[in-house]
Amino acid sequence: MRLNLEHFDIKIGQHKVMFNVADAKELGVNPGDRVRIRGHQSISAIVDTTEDMVPPGTLGVFSEVYEHFEDWDKPVEVVPALRSKSSGVIKKMLDKKSVLQDEIKLLVNDIVEENLSDVELSAFITASYIHGMTDDEVEWLTRAMIDTGDTIEFDTHPVMDKHSIGGVPGNKISLLVVPIVAANGLLIPKTSSRAITGAGGTADLMEVLSPVEFSSEEVKEIAEKVGGALVWGGATNIAPADDKLIRVEYPLSIDPYYQMLASIMAKKGAIGAENVVMDIPIGPSTKVPTVQEGQKLARDLINLGHRLGMNVECAITYGSSPIGRRVGPCLEVREAMKVLESMEGPNSLIEKSAALAGILLEMGGAAPRDRGKELALETLRNGKALEKMKQIIEAQGGDPNIKSDDIQVGQYTADIYASTDGYVIEFDNKWIIEIARLAGAPNDKGAGVAIHKKMGEQVKKGDAILTIYAEKEFKLDLALTTAQRTNPIIVEGMLLKRIPGIYGFQ
């Protein structure tokens, strides 16, 4: 069947086309079936139907399909396509049967090529979430995710990297770790994510200082030139299957454990990382609530790294309260830059950054065992980390002379006050993050929260314990209402509650 194309200027995250019901009936296809579209290119797409959005003789195509045919001004040939063999692989996984390496390669390739529907992707995610995967299957999945995307081969070795499991607000340590490590002669090309559910991923933060979107070739050039990089991995086409899985996982609110392992390690493998430190924050509001779960995750990451030829060490870190006192892109970058400029900043930020950078310095041979943290702190104190950060900013197209005081935060502010005398006994990290997001972070770079009192600090009734920053007044109102309702910082006196006796006073 030959059909004219009509472009729907909408991105839906998959290859999908819209038939008029009459054309679909004539071709013998139903919603969810596949067709192959041939013009100057040939791709497969998933069928949907409509009675009136497109007329007979016309095929409605969304942006992901249209980009393959935007230079094609003739009708396209459309024929029914066979269901992908990956559907059978997914069924095997649902039936809790083992799968072969070639089957996983086929599955990942179909994910990248948009040959699977959201229903099929959801089934794959559900199967791995419920039944898990063997060590072999996780390794094969990781290798397939690496092989179906860009890879970078650096000329300088060893290649260092770090990753945080996340879940802790204010975790800006990469802005310190990368320049510390690079300043000591080690290569650390840090590809990072943007926030999905957080108030700012490392890429969102670095974007305050410089561009972060570069091709794989540009990342190599930048890192080789100055020893490090802080870039957004999404612009590199590294492990593209991961982004396609995340799109389906997000509305389901699940993150299958073994896919998480593969996702993390695929991104490290794609840049040729040889020594990797994993930050595993532990706490009730983090992704890893207990030390026991953290130890299991550490063992699994180390084992998978060994299978892939990577040396992986894990740091189980305190995650019950924010890192530093600022959450949100500009606020966090100001805090990190102050540490680089003068070592002024929260102890939690300095200590954690130095500890993780120290592990990398030891792994890379720049410091003797148990002396890495000392070297990391000295690199901050002597200004070498700041100088290296300026070089990275300049290499990525930013202003190397920018100072912490130059970074502007949201103009609209509101404070949350303590309702009683006492001490800070608890943080609800999830609500801290949500309040910062409601204020506009990470898209509004100046939005976020400033935390004035940390765990164990004394508070007087009426003290400001939290300040909300926003770039838009209506977002400030929304964040303030939520903060007042949820009470994300818990203050209690030494006397928590008085319980009277049976007879009371005589």
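Cβ from N, Cα, C; glycine included.
Record note: Swiss-Prot gives Gly167, Ser193, Arg194, Ala195, Ile196, Thr197, Gly198, Thr202, Lys287 as AMP-binding, and the candidate from Ser122, Ser128, Ser263 in that site is Ser263.
Arg194 (AMP binding site) sits 17 Å from Asp255 (active site, proton donor), taking the C-alpha atoms as the reference points. For Arg194 (AMP binding site), other Cβ atoms within 10 Å of its Cβ number 18. For the pair Ile196 (AMP binding site) and Asp255 (active site, proton donor), the C-alpha distance works out to 12 angstrom.
Between the C-alpha atoms of Gly167 (AMP binding site) and Asp255 (active site, proton donor), the distance comes to 13 Å. The CA atom of Asp255 (active site, proton donor) is located 11 Å away from the CA atom of Ser263 (AMP binding site). Other Cβ atoms within 10 Å of the Cβ of Gly198 (AMP binding site), summed over all protein chains shown, number 22.
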